[in-house]
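What Swiss-Prot says about this protein:
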MOTIF     40-51  motif ''HIGH' region'
MOTIF     576-580  motif ''KMSKS' region'
BINDING   Lys579  ATP binding site
Amino acid sequence: MPYNHREIEPKWQARWEQDNAFVTTEDPEKEGFYALDMFPYPSGAGLHVGHPEGYTATDILARMKRMQGYNVLHPMGWDAFGLPAEQYALDTGNDPREFTAQNIETFKRQLKDLGFSYDWDREINTTDPKYYKWTQWIFTKLYEQGLAFVDEVAVNWCPALGTVLANEEVIDGLSERGNHPVVRVPMRQWVLKITEYADRLLEDLDELDWPESVKEMQRNWIGKSEGAEIDFTIDGHKKQVTVFTTRPDTVFGATYLVLAPEHPFVTDITTEDHEEAVKAYIASVQTKSDLERTDLAKEKTGVFTGAFAVNPISGERLPIWIADYVLATYGTGAIMAVPAHDERDHEFAKQFDLPIIEVVKGGNVDEVAYTGEGEHVNSQMLDGLSKQEAIETIIAELETNQVGRKKITFRLRDWLFSRQRYWGEPIPVVHMEDGTMKTLDKSELPLELPMIPEIKPSGTGESPLALAEDWLDYTDPVTGLKGRRETNTMPQWGGSCWYYLRFIDPHNEEAIADPEKLKYWLPVDIYIGGAEHAVLHLLYARFWHKVLYDIGVVPTKEPFQKLYNQGMILGENNEKMSKSRGNVINPDEIVKSHGADTLRLYEMFMGPLDASVSWSENGLDGARRFLDRVWRLFERTADIQDVTTVDADFERVYHQTVKKVTEDFTNIQFNTGISQLMVFVNEANKQPVLPRHFLRGFIQLLTPVAPHLGEELWEQLGFEDTLTYAAWPTFDETKLVSDTMEFVIQVNGKVRSKLVISMEATKEEIEALAFADEKTQEWIGDKTVRKVIVVPKKLINIVAN
């Protein structure tokens, strides 16, 4: 009877559900293992074949660890707030809750069809008020710690859509949806002070077992720079402009200053004759995103303000320009330009014919900026000094004259945390009539998102919540003071910053989770997901975790001990899968045609888990053929026997298989572990008798990858219990190597025969066996043996003529 996945897979899925097979055990005597997937956004499109790749990896580990005697926490949930559901609501007039619930149902069905061993009792959904009560509670704690504040921030405002857009939603000054013009305008926003944690976020990376590339991306994003601040007075004004530079030693090479167009001094210092040009330039910049403005490849633009600054060290007058490549949100929003030794400044100086003064020897600065090291020149007291000596000398000079100071800065910006959207967590803040602000008490949470008959932009820059008039009104239960609720909502990042904590104790109504449970399960042992979350999600989650650590909620400094990024599955033509290319593969179709176990096996066998690999129908068919061979092997019921003596070669292959699969699966090298399972099947097919205990061990090794087939074969072998908790097989070190080996016999340097000889055979015994071999005798014939060379454990060469 051929292997029928359409019968076998639903049978075992129903059995697992009925038995609640994967409920998390919490035996205090056992060690815990927390295997976490990056939970998905439940989109309308459902799962694609990229999702199961990471999910199968964590499932293999979870299933293996259960058999190895661990308590395993392997949960799944939904990161369900976000733009697509809101856009759907705007486009159709339907409630995003319905859309989200339908999508979750589809995703959940698909995940169950793939046989993942999730503990569905712990399912969470970021849009559930019982969940976001705690997201809001964490926000109140951030506020109490002074880490959440309101600020005027320049945002991407799209008048046509009546809403604020994230940088990713703006392309070439137009909205991604509808191609409407977008302008930069200042707006009141909630900001989280992640910069307070910059040093710790940087230092603690060293303690994590993460891909080096991800750690490096986070280091660059945090961007720690050591240098100095220098104060330049403005000619004819009482104001001074402070700039930050990592090269204060080049201060004598500064030939102009550049302010960001949004710098608060621009209006005051611009002279009358330059006013019109400055205003026009500022207007032109408003349609550009920060990314476009800082693009190194683009042509430099800028305009002179008519004002001059005074170099505090040399006394030189320097023209003050504004240019879009300087951002108000970075550093001090102003730079001292040293065109001889900075590429962007050099391009700008060439563009606008500004002076270029060499202060570090080593290049031809008229042609190109010299950014290397060298002796200082044209720099008064710094002449002849090296870079480090010059930096120390000039900082001392700046501090003595009180015109500058040593300074460490970070590229990391504070985190803009509010969105002018409906479909997000309401921010638990009230603006009171007396002008104060208060966060809601824990007893007033969750602050639920109100049902609105029609979700549409308010048009004022506020979220659609500004239209929910009854909901907006608030009366303080203690003082009776009236207030108006905050209308901004949280970004999608809010709910995903801490979800791994809620999985630990998802039904707790008094706290995020029981402190003892947090202590038991944290940090997460393995976190698998795509590299696209390398910076934002992982940095934000680390930040929140550290705040929770500081206030005594969590017991560890870091949330995720080991992180692993799976690669991307590309289309057959090596292109990224996308709807527009028409090369997206739906896992439902594969489950129907080949089976879930085939899909799981194929995706793990495609190549190393972290590599990007092209989809191949041939490869998929090959995976199915292997499972068919396994099925046929177990159809040899008469050959499956309880035996006391076994074939030595087969025994060796079995023990090698247990060892290699255990090690490879533990090290997330699933493709090579699966190769070894194939070696075992090849060897088994040569055997007239199949020892039952070898086949039993093989099923257990195969099951984490192909659980439905594994359970079916386990039942066929006569076991009544599920193998979810069957003890993982062990190997015997002494059985890994053979006590005999194949020895090559050469006559006059050519291979003429082979013999199986004991590993312990002496040189004399090997010679005797070789000369007794019939084939060897034929080749020697009546020749005279001149010499015999024995290479231990390899070959014997007989020289005869």
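Glycine too: its Cβ is placed from the backbone N, Cα and C atoms.
Secondary structure from DSSP puts the residue listed as 'ATP binding site' in coil.
Secondary structure by DSSP for the motif ''HIGH' region' (40-51): 1 helix, 0 strand, 11 coil. Sequence-distant contacts of Lys579 (ATP binding site), defined as residues of its own chain at least six apart whose C-beta falls under 8 angstroms from its C-beta, comprise Ala45. The average per-residue pLDDT of the prediction over the motif ''HIGH' region' (40-51) is 87, rounded to a whole number.
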